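Since the structure comes first, as structure tokens, the remarks are kept for the end.
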């Protein structure tokens, strides 16, 4: 059927409000949804659509129909994004506000429910048991068996279940609302501000309700939107990340995302947010603000600390302190407060410097990562990871512990740090005291443990302290008792490390190659490696990769180890021999000086030449560089052009492939859908066949090869088979039953008399038994009734007295109530009579008013009809008068025309009489009878063609009809016409000369000289019949009458001289054209 006609938005809005008024919001929402999703809605104006969309969104929120609202908002965005963007933001903001209000209302309802439940429980505890049972139906209404079972199994409280039942659905709807709005506003430059605002609202939602899962999905959604924006940047309204304002808005959103991730302790999402921020900062053409970067590095420090990456944590703190100091100097010099943190004081700088120094000291010297050796830590994966982290910190090279300490020493960090942390630095990095290092550090660790922010650095500091302890012990001792080591490695109580932990630390250091210690548990001795030819560092090239110290110079040294002495033995020997030769052989020094002077002379001699060669070489190198640069630029241009062409070709091929795939996929989908429908239909028919017909075996049938006709044939075959089998069974069964019944009856006849006697005896015995039982029970009942009567007869008198009193009392009460009821009834009856009389009077007045109104309307209608009839009569009279007047004028015009014709005819007759005398012309062309001429005006027909009159004795049919109508038709018309025809011939010679126009070709010629040759007579000598005779033409110079008036205004006359000389032509003379001597000749043939 065709789609319904498009309805105007205001009509749809009115219809929806009417449905809401009759409590049908679902029907109203359906009407609005059908309208806002229609394609014809795009032709409506925004002012008409906006109220419809608001009501549509409101109903959608009330009914939790988020998907339908999403469809409507998508269509509304497509309709209004080119004309009015503000209305999209208004409707979307209204959508979000409604969802947030629903969540607040749900929370209030949950609070009220919980408060009511708590109040009822408290009231139930304080009241009496009987009073509670009387006033409250169920004391444990808040704790139903279901809630008790749930609390036993899940451990949830009633509040949790209330929130899940009331608040959670609306929280889910609010989350879907944020996602819907973000999907609608994505990758649209006109809606970018509202997109970022909605993202901030969604972050606040996740932070307020601690929605960690939704926050992860939101971060992934925003990340996908940003990737799609870069992918589809060629669209009409796509965002442009190269614009500073757009990029700044995205940075603000990512920084808020980072803050929320840190607040929710989602460190993986926080790290991804940091990478997103770094990517956006790399796209920015302007440098970021210090306040933003300070926040960036501060969050990085927290992320690295949680991930236990203390090296990059210290590097991030160093960058953070540098930004704070730079901002403090900028503010001191009058810089902008908008771009720099405004609350940077000396205390903040001192605190930041303390954390920078403490984080650097906390970097473990021995790596604590779980790897299978130091070589694994130097692979490409770790290198790539360090490169990524270095890029996030905006550093050129990966940081190391030594580089960080060098950077701190070059600045004022040590001076600004707290004194205990400076002392800790001196103890760990400067002093050498293996016997007292832990004792000196313990008070500092106690102070750090008292500070909540610095407490988290104690564990990595213990690793560094133990590393320094064993490094310094290895400088002094070869063997150390384990108990002595344990007594040296003592920390304050909360941070004490047991012997197992220390041994585990030693094993890890040995595995990483930073320590060379053997543990002998049998003797309880730690042995430091003293073999001059065995060193873990020397045996493993690249060992120490797990160490945070790149060089050994940072380790405090009292003396060199034997291994180091052996490794430097040859170097020391060469230095000693060189010095000895200088003292023993003076010629060695002389030769050395001479060789030096000779080399200086050679250098001085070849200086200019070498200088010129260097200049020429530099110039050649410069030219080669320029040539290479130009060739490289050309190559890059060619490669760019080829790459663009290849990309365009690939895009075109990809588009074509995608289109073909889409088409093929659609065809496969349609084919699969068709097959599925056919298979479902076949399965349905087979199921009906199995249920309706028994004995049908479809196990061996292939469903894909079946169709409706095959299934119908199977059904018919099965029905026929079932019918035949049923008929056979019925026939056999009926025959068997017939024979069996006959045999039964034959056998029964033999035993009927005996059975009758037995049955009669049994019936009599049963009757006797029943009679005796009835008599016995009747006697017992009679005795009980008699005894009951004797017992109750004593109560008759009191009963009668009591009944009489009760009856009299109730009779008095009844009479009293009856009288009161009668009084009330009479009052009601009087009131009802009065109401009826008033109603009748009102009805009578209303009827009279109605009759009067009807009578007035009838009189008015009669007056209107009379007035209309009078007006119509006057109009008819005026029309009749106008018609009579017109008829009179027409008759007057006809009479005037008739008189005019008569005058003209009289004048013509007089003129002809003066010209020709008493004789009539032989032929009067176009002459009409007086009766016909008089009848012509009356006929009022179209003008007739003026033809020449016939010369014969026959009249035309018109003439005959006219004479016949007047009763003047002559009896012998041919005889009467012969006489007038002879008269012109007799008087031809005596006729006076006529004046008229004479053609130039006929001037000076005898009359009739150029006339047509005489007509040939028929073979029998008779004249040709009148029918085939040529019609006579008027004579030359004669004028012809006009068919209408007969006037001679078109007639010309010849000059007077020619008129006197030219004789009258014979009657019937034909017209001769100029220069014609006979038949007509064309102009080109005339000479």
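Indices start at 1 and increase along the chain as displayed.
Cβ atoms are placed via backbone N, Cα and C, with glycine included.
As stated in TrEMBL, the feature region 'Disordered' covers range 110-130 out of the listed 68-88, 89-109, 110-130. According to TrEMBL, the feature region 'Disordered' maps to residues 626-668, out of the candidate ranges 583-625, 626-668, 669-711. Coiled coil is the annotation TrEMBL gives to one range among 541-575, 716-750, and that range is 716-750. Per DSSP, the region 'Disordered' (626-668) is made up of 43 helix, 0 strand, 0 coil. Residues in the compositional bias 'Basic and acidic residues' (810-911) partition by DSSP class (helix H, G, I; strand E, B; coil) as 102 helix, 0 strand, 0 coil.
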